Each structure stands twice: as C-alpha cells, then as structure tokens.
Amino acid sequence: MYVNNIEIYDNVYGGYGIGRLDNGKVVFVPFGVKGDIANIKIKEEKKSFSYGELIELVKPSHHRVDGFCKYIGVCGGCSYGFLDDDFEIEVKRRIVENSFRNISDFKIDEYVHSNKRDYRVRCRMRLKWGGLFYKKFNSNELVSIDECPILKPSILNKLKDVAGSYSDTDCDISIIENEKGEELIFLDSDIDITDSKYNIKSKRCQKGLKSIEFNINKHTIPAGYRSFFQTNRYLFESFQRKVVEQLKGYETVLEFYCGSGFFTIPLSKEVRKIVAIDQNDEALRLLKQQATGRAEVLNTDLKKDIINIKGRFDAVLVNPDRDGLSKGVLKVIMDKKPEIIVYVSCNPQTMSRDIKNFMNRYKMCQFTVVDQFYKTYHIESIAVLTER
C-alpha cells in the first residue's frame, strides 16, 4: 500500500522518522527527517504500528542535509546522515530524555560531541567476491561500498587490499587500528592466511602481531582481534577521564563487562583494589598482561542468573552491551549495596530499564552523554548513581 503526503513529525531511536496514517496508526520510516512531507510504501503491518519505506520526498525538511555519503539511504550504517549537526544533537538529547521520563528530575548535565568524520578505529564488513559490503538498514541484504566517511581512511584502504587477496572468500572481516597505524584484521573463516604485510588472523591461523596497544591519557590499553574496544578516537581521552574521575577516592571497585581494560587500567592506578569481570577470553588475557597488581581479573559467564562474587565493594562500574545488564549482574549489584554505581551504555532504553531497579536506594547525581557515534542513532551515556 502506498501513502502520499505523509508528514514526518519526529525522529526516534533506531534510525526512524515517524508519521501517522489517516487511521491514527503510527508508521516508522527509515531515513525520514522531522518536517519531511513524503510519499511512502507500507512494508509491514503490525497491530498498533507499521513500517514504511520512503519512496519520494514531496517537500524536504529544513533539518535535512545531503552529501554526507553517497550510500546514505541504502547502507544501514549512518541512519542520521540526513540530519544537520545541530538537529542530530537535539534528536539524541530528546531520545535520552524520553527514555528516562519515568525517573523524576532527570536531566542531562553535559553533552560531549565531536563532528569529526573519520572517527571509527574499528569496523566489521562482509568480504565477498573480492569486494566489501555493509548491510542495508535492518536487513541481511548487502550493499557494496568503496568509501565510508566515518572510518579512518587507512582502515578502508587496508580492507580493500586484503579483499583483493581473498577474492574467493565469503565471510565477515573486521579490523581495528591504533594511532601508530598498527592493525589487527580478522577473517571469520577457516581459510589459510597467505603471506600478508598486515597483522591478520582467521579461525585456522594467524600472522603478525597477536595484539596492539592504544595510548590513552598516558595509559597503555591493549586491543585484540576479537575483543571489544571503544569506537571514536577523538573522544577516547575525555570518555575515559569522565568515568575514572567519578571513581577516584573509592577503595574497592567491582567492574562488570571490563573488556581489555579501557577503564580498568587507569582505575587500577587510582583505587586500592579493582575486580574486573568479563567473559571474553582474549580480552581478559590481554588485560591480565597489562594490569597492575591492584587489579584482579575474573572470567565469568555474565549471562547467568546467579553470579557469585565474594567481598564488599564501595563502587560498581558497568559497561554492558546494548542488551543491558543480565539478571545475575543486576542481583549482584543489589546485594553488594555499593556507595556509587557508574553505568556506561550505548543504549538509553536498556540503560533506563536497568537504572529504574536502583532508584529506591539510589539517586542519579550526574548524567553525561558522550556522543561517540556521529551520524548514527547510537548514543553513549554515563550515569552516576549515589546512595540516598
């Protein structure tokens, strides 16, 4: 079904503009911008809402900009690539505020932003037919790309070079590169690695470096082939500093989802003891090699409903993935009753859901948005909760 002259009246989390059909039903339209008048096609009907596809712009919004990337509207990555910079910030602020509307007196105390384009130090693509592909918006369909404005140029050049050497391979390919230009490239395949000028690994074998290091605020933070690392090189220092400053002065810190130590390593120099927990073997191995004696590193399945952690802790730091805290982690925090909880997240919806569980005992004393994901719908935030 086609619908003409629908007005997009807002932008919401997930990369959608939203409009309303004549029958009152809300329709979510990817790449729509508040103020657009558009002709759309209804792609999927749900009971209380629909998904649409933007077919034609009748009248573009004054917030709409063009030219950010030639793949905008096809590639699923930069779903806010059509928004002007000021409106992108406005949209993200409103999304966060709406996510926390059930928490009284909520406010954003600080919004840290960078509009530099080539910010990403890591990415994952599809390697196929000697080319590189991203996924389309909310789809497993692929779109061939030969440029990406939010990637460091050197990263894409290396991936193109590798893709040309594995033209018969069909697999995911990921890369991370540090400030010295050292890279780790992982091919998610059982293929043999041919001679390469790059540090590269497959499921079967590996050539070159086993890990690389980033220097952030004079701290050495390791990174591996398959362990999580932060994204925006222009905000590494301020992001790390804002979290660490909240926990200075506390004796003992319990950290969940520590990764390879982006926060653990600097914190281990500021507190008497930190217990850092994750379930990624590679990340924990790298952290153990780099951390000071004040850091105890534990490998624990964080998805379990029951997690046993001994001891008392003054402070808790969590940095979960988009799914938020598991029941087990949530229960540990409630049982430990720390003086302070610092919650770092890239999903304001699951973050808000989890924080509501703490509000009987804690109050939110500071909330900072660190917008690591320019032109995408992802939003990184830091919430600081202290005892009432």
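Residue 1 is the first one shown; counting continues down the chain.
For all residues, glycine too, the Cβ spot is worked out from N, Cα and C.
Quick look at what TrEMBL annotates:
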ACT_SITE  CYS346  active site, nucleophile
BINDING   GLN230, TYR257, ASP278, ASN319  S-adenosyl-L-methionine binding site
DOMAIN    1-56  domain 'TRAM'
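Feature map: annotations from TrEMBL on the structure.
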{"residue": "GLN230", "record": "S-adenosyl-L-methionine binding site", "DSSP class": "coil"}
{"residue": "TYR257", "record": "S-adenosyl-L-methionine binding site", "DSSP class": "coil"}
{"residue": "ASP278", "record": "S-adenosyl-L-methionine binding site", "DSSP class": "strand"}
{"residue": "ASN319", "record": "S-adenosyl-L-methionine binding site", "DSSP class": "coil"}
{"residue": "CYS346", "record": "active site, nucleophile", "DSSP class": "coil"}
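For the domain 'TRAM' (1-56), the model gives a mean pLDDT of 95.
Residue annotation for S-adenosyl-L-methionine gives GLN230, TYR257, ASP278, ASN319. The furthest Cα pair among them is separated by 15 Å. Residue counts of the domain 'TRAM' (1-56) by helix, strand and coil are 0 helix, 36 strand, 20 coil (DSSP-based). Counting only the Cα atoms, the space from ASP278 (S-adenosyl-L-methionine binding site) to the residue listed as 'active site, nucleophile' is about 17 angstrom.
The recorded positions in question are GLN230, TYR257, ASP278, ASN319, CYS346, and the one with the fewest Cβ neighbours inside 10 Å is CYS346.
Annotated S-adenosyl-L-methionine site GLN230, TYR257, ASP278, ASN319; additional same-chain residues within 8 Å of its Cβ mean position, judged by their own Cβ, are PHE228, CYS258, GLY259, PHE262, PHE263, PRO320, VAL344. Across the structure, TYR257 (S-adenosyl-L-methionine binding site) and CYS346 (active site, nucleophile) place their CA atoms 13 angstrom apart.
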